[in-house]
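Under the heading region 'Disordered', TrEMBL lists 14-33. Marked as compositional bias 'Basic and acidic residues' by TrEMBL: 14-26. Residues or ranges marked as ATP binding site by TrEMBL: GLY64, ALA65, GLY66, LYS67, GLY68, THR69, ARG189, ALA234. According to TrEMBL, the feature region 'NMPbind' maps to 84-114. Residues or ranges marked as ribonucleoside 5'-phosphate binding site by TrEMBL: ARG90, GLN112, ILE113, VAL114, GLY151, PHE152, PRO153, ARG154, GLN158, ARG195, ARG206. Annotation comment: TrEMBL describes 188-198 as region 'LID'.
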Amino acid sequence: MPAIIDKIAEALHLKEHNSEEPKPAEDSTAADDAITSTEVESAYHKPAFESSKVPVIFVLGGPGAGKGTQCANLVEDFDFCHLSAGDLLRAEQNRPGSAYGDLIRTYIKEGQIVPMEITVKLLENAMRAALEEGRTGEGWQVGHGRFLIDGFPRKMDQAIMFDDAVCKSSLVLFFTTTEEEMLKRLLKRAETSGREDDNEASIKKRFRVYKEETMPVIEYYSKQGKVATIDATASVEEVHEKAKAVVEELFAGELSQNVTA
């Protein structure tokens, strides 16, 4: 992952504005408009990757649902490249010279969603960097790869932009559990994570944003028959076995539409 982040830092070319650096706005549309660059727009005429060669699985669920833990297990099972939208954004916010570091930091601290142009471009560059690494293993012959992307898309416009500009997704793994369980897990993680948003105030904001912004994304992909819902309240091992079985069925071409595991 560090090697990929270094390549992203070099490859991310969002247009620098001559005016003051854009500040977060209450209206997300206004914020998106503020950072849109001609370069980003011109790059998005067709998907960068073919889904038949580069399957992408989105991993969604509330904050603390265990997405990262399950992704780590699935990487071991299937040789995925695991990309965390949150990790990529945190890396970019700390990159020396980043024009958008302060903006990203403020959005994350407030539990808000970073403007989509930044996140989508980071993910595209991360995927390209992984494909150029010359990986070996299942699914990684020349021009092919397989990706788990967790914590994304969190909004409808992100979902549509990624599908249109980067790659059509193959599946959404949707991990569900209660807010009480997620809060307990996140407060436990806060003891060692050092993350600015691992505090109770930010966590509660993230829950609200998740309900308002991300659940419509689940409904959107459900209409396409792409959602596998998995109860994440059980033990890590039990959840892993369910997720593994779903991915095995996907790669075997045997997955039914909108399964519940």
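Positions of Cβ are set from backbone N, Cα and C atoms, glycine also.
Automated prediction, rather than curation, is the source of TrEMBL annotations.
Positions of the features from TrEMBL, shown on the structure.
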residue : record                                   : CB count, 10 Å
GLY64   : ATP binding site                         : 24
LYS67   : ATP binding site                         : 23
GLY68   : ATP binding site                         : 16
THR69   : ATP binding site                         : 15
ILE113  : ribonucleoside 5'-phosphate binding site : 25
GLY151  : ribonucleoside 5'-phosphate binding site : 22
PRO153  : ribonucleoside 5'-phosphate binding site : 28
GLN158  : ribonucleoside 5'-phosphate binding site : 23
ARG189  : ATP binding site                         : 15
ARG206  : ribonucleoside 5'-phosphate binding site : 24
Relative to the Cα of PRO153 (ribonucleoside 5'-phosphate binding site), which of the binding-site residues ALA65, GLY66, LYS67, ALA234 has the closest Cα? LYS67
Which one is it, among the binding-site residues ARG90, ILE113, GLY151, that lies nearest to THR69 (ATP binding site) by Cα separation? GLY151
Can you figure out which of ILE113, GLY151, ARG206 (the binding-site residues) comes closest in space to GLY68 (ATP binding site), comparing Cα atoms? GLY151
Between ARG206 (ribonucleoside 5'-phosphate binding site) and GLY64 (ATP binding site), what is the CA-CA distance rounded to a whole number of Å? 10
When the Cα-Cα distance from GLY64 (ATP binding site) is computed for each of the binding-site residues ILE113, GLY151, GLN158, which gives the smallest value? GLY151
Listed binding-site residues ARG90, GLY151, GLN158; those within 10 A of LYS67 (ATP binding site), CA to CA, turn out to be GLY151
